[in-house]
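Below is one structure, written out as structure tokens, with a few remarks after it.
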């Protein structure tokens, strides 16, 4: 979600200047620096949680987030991952087994890096919370979704006239639906109950291509994914250190991985996690890379069929862009899972490493850092820009990709204002490169062969609010 740049925040607050103003040319004193020389984004634990931890904006290339002065956004197509959540039941089982080993020594005084355990309690109240979106703490999932909707109202509110009913779309999974509802409340405000129409799209395989969550059950490129070990040498070092500080725990490298998974979820429910400091920065770097491998080989470009899965959304959004707001509409807000966004990026051909990621070491500098791609609440926004002529570009329609509120250049197509891509070029590139989903994934001819719900939607408000109690471990897909 949009955040004011730390670089200029103090100046903007003090003077009312633009967030991109650089302030006075002459410092107030000879010792005062106009710009800080300290940048610590790479040390942020939020960038090494993989897809488990709270939302954070993508590290940008410095391209202005606002549209260029010669342009106006006239259409927005967004897909957002659900907000921050508790671990899944399967992850919870592994976490509880690792914690059982930690507590097996029956000590009254933990030592060293685990000294905080003398006062710590597990943040999951009981097993019914597994899978659920979090509602407590400053990083809570539902709070994230509401704030995001509110931020996008400020950014894109001009695309709604305040009167028409706007459809928005969620896959049929409990926490995804709740994210969509909270986002809708944030965006539409008092008008949510009357002017927003939530459409829930089943996650069933029989939906074929008419889905936010298309599947590829004939996938024949899962060997690497199926054999990932989720281990790097640093986890053995961590296990040895913790075992030496508190003898008798007998933690293994696998236990360390599961404890780090637990730690990476804790901030989703609490404002602070002592578990972060139980592991070193280097160990967190290794953990983040292990998560990168998981997404890359299981739901990203490391699986050759994922581009075809993502082509469903990429191709349908291309149709919207070419139809434009007058024919198709201006606002398309969609909600799904992390592993539905990564195939879309693969289909678009962005953030693709030059070679497959190595399994035995961290590939520093590779573009596939999942903490920058799909953290909790992560989102990909496609902007259609209507631009006036400038000294560098012609009047016309352009396309911009924005990933987690950072402009993501569309590979080599950056000749437009604000490094955008001319719509005609964007169209040509995708038409040439997008694989065919139904052929690649051998989709049954009895299933829908293309995405149609953006054009065939309901305008009723009956699904805007839940009508039943929250079930234990809610998260099962709805048919």
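Quick reminder: no glycine exception, Cβ is built from N, Cα and C everywhere.
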Self-check item: Position flagged as N-linked glycosylation site [Swiss-Prot], chosen from 425, 442, 458
Solution: 458
Quiz item: Which residue, chosen from 191, 227, is annotated N-linked glycosylation site in Swiss-Prot?
Solution: 191
Exercise. Pick out which of the recorded positions 82, 191, 338 has the most other Cβ atoms within 10 Å of its own Cβ.
Key: 82
Exercise. If we count other C-beta atoms within 10 Å, could you say which of the glycosylation sites 315, 458 has the fewest?
Key: 458
Self-check item: Rounded distance in angstrom between the Cα atoms of residue 338 (active site, proton donor) and residue 82 (active site, nucleophile)
Solution: 8
Quiz item: Where residue 458 (N-linked glycosylation site) and residue 191 (N-linked glycosylation site) are concerned, what is their Cα separation in Å, rounded?
Solution: 17
